[in-house]
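Notes follow the structure.
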Amino acid sequence: MNLHVLAYKTGLSTFYFPKSDPLETTDPEKGTHVWRAVEGFFNTLDVAKDSDADLFVQSAIPALDEIVRIPNLKDQQGPNYHRPLTPKQKGLVQDRVEGILKLITRSKSQSSFTPSSHAQEILSEDVSAEDEEFVKGTVEREFSMAKGMVDASMRLRSRLERAVSRRTKGTTVSIYGSGLAEMATHKSDVDLSIYIPELEHYRKMHRENKMGNQQFLKKQKDAVYGVRDDLVRANFTDVQPIPFARIPLVKCVDPLCQNPNSPTGSLHGDVCFNNEIAVRNSFLLREYARFDVRCKMLMMAVKLFIKARGIGDAPNGTPSSYCWMNMVIYYCQIIGVVPNLQDRSLYEMEDVPKINGLDVSFAKAEEARRTWVAGEDDGRWTLGKLLKGFFRYYAVNFDVRRGVVSIRVGGRAPRGALDKSHFPRSRPFRMCVEDPFESVGSLFVHDLGMVIGEMGAVVVREELEGAMEIVEGVGWEGLFEQREKFNGRDGKNAKRGPPKAKKVGNLRRPGTMERKERGREEKKKP
């Protein structure tokens, strides 16, 4: 048997063997660790091009079928021996092959999709008055319940700013995320960004190579723990510093902000450092929400859906809430409900300074509304039809193998205006969503979909397909039914179930100190 039948460089990937294993061993007791090679193949597989997809069907599937049928070591004739796959591993190979084939088949059928035909299709279908009222009532009720939390978040921000501004002059605190974008739910936490001028000075020196990496990390760590001390002194509770994340932050709870949606009146806050780009992102989402109330209502409806289904959690391998909101805006651009607020050819941009070298300007909703020319079908788009179209678009019409969601380019841009090849960490099985500022052509190219795990992509697709069936049926009450949270990022541990307990602080494994103490005592013995 030739295990190297997948070892080609014709658009797919090299068949991978770990350094610890020989390419093909003649040891009848151990055999080559084939599963590691199969895993490596799938992890680097890219079938975005039709030629690569055809190659996968014609060459890779027969080779994988041969690998799956490897007999037990004692039944192999040699001269090379290969460790057979376990039943679970065989099942994973079958699931992955079926998923990729489904992806390829669907992608090829989407080549004839046009936004105009999709819009006419949705608008020609009826949504009952009861379903319209159900969705509208659910969303309006959530906005009403969230008002008290928004007021509490402002009190938290004020208390936090007073606590930290004593240390460094010029320090300010801004709310960002759903709180700033006016999309908070009554159960939302508060996202805040502390701007410390001194830390921004060090960050600029680090970018210009005037300060070493270790020295900058120490300055950053000092700032994080300094804020931690300030919050403890101001009677914040559960204060947890996380200095070495991609964006350093401090988690905390304000017990005094009078949150009406909490039995104790407390409110959780995530405080990050000099994250001005996130503040601008939130301002942009707010302007889209303010441009058309239907877009704002759709954003909240989708947010309630992903929270109920447990598929809006980046650490667990599904898109973040911010990613979903970009998907909503892109869909509204596709059907012509909102414009592209970053289109300089249509609107005058705000005169704002760059952040980290990035152009973060966009048009205000009020400015864009003056010159926006709505389509003749604009008045026919109700919240119910928008929601129905959103689910059908991302469950059926969007080409996840090649397409890119980008509100910067805009929904009406010609096909192929953005390619997934611009995003180094993109994968054909998952959504690719361009950050509106950290975009292609900038210093930082950020794909918001890169957090989606393989099984996370499967769960998201299944939930979108299930939602599409609900909104195309009778009675939408099941749309916001609670599901167990998806927990896991890959095929080995992905499942539905309660999230794993998070590690709090810098906890050591039980018994570590005792073992060290015993070791020191042993060294002292003669």
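The chain as shown is numbered from 1 upward.
Quick reminder: no glycine exception, Cβ is built from N, Cα and C everywhere.
Now, the feature entries from TrEMBL:
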DOMAIN    141-289  domain 'Poly(A) RNA polymerase mitochondrial-like central palm'
DOMAIN    382-438  domain 'PAP-associated'
REGION    486-526  region 'Disordered'
COMPBIAS  494-506  compositional bias 'Basic residues'
COMPBIAS  511-526  compositional bias 'Basic and acidic residues'
Within the predicted model, mean pLDDT of the domain 'Poly(A) RNA polymerase mitochondrial-like central palm' (141-289): 91
Secondary structure content of the domain 'Poly(A) RNA polymerase mitochondrial-like central palm' (141-289), with strand meaning DSSP E or B: 71 helix, 30 strand, 48 coil
Helix, strand and coil totals (DSSP H, G, I; E, B; other) for the domain 'PAP-associated' (382-438): 18 helix, 3 strand, 36 coil
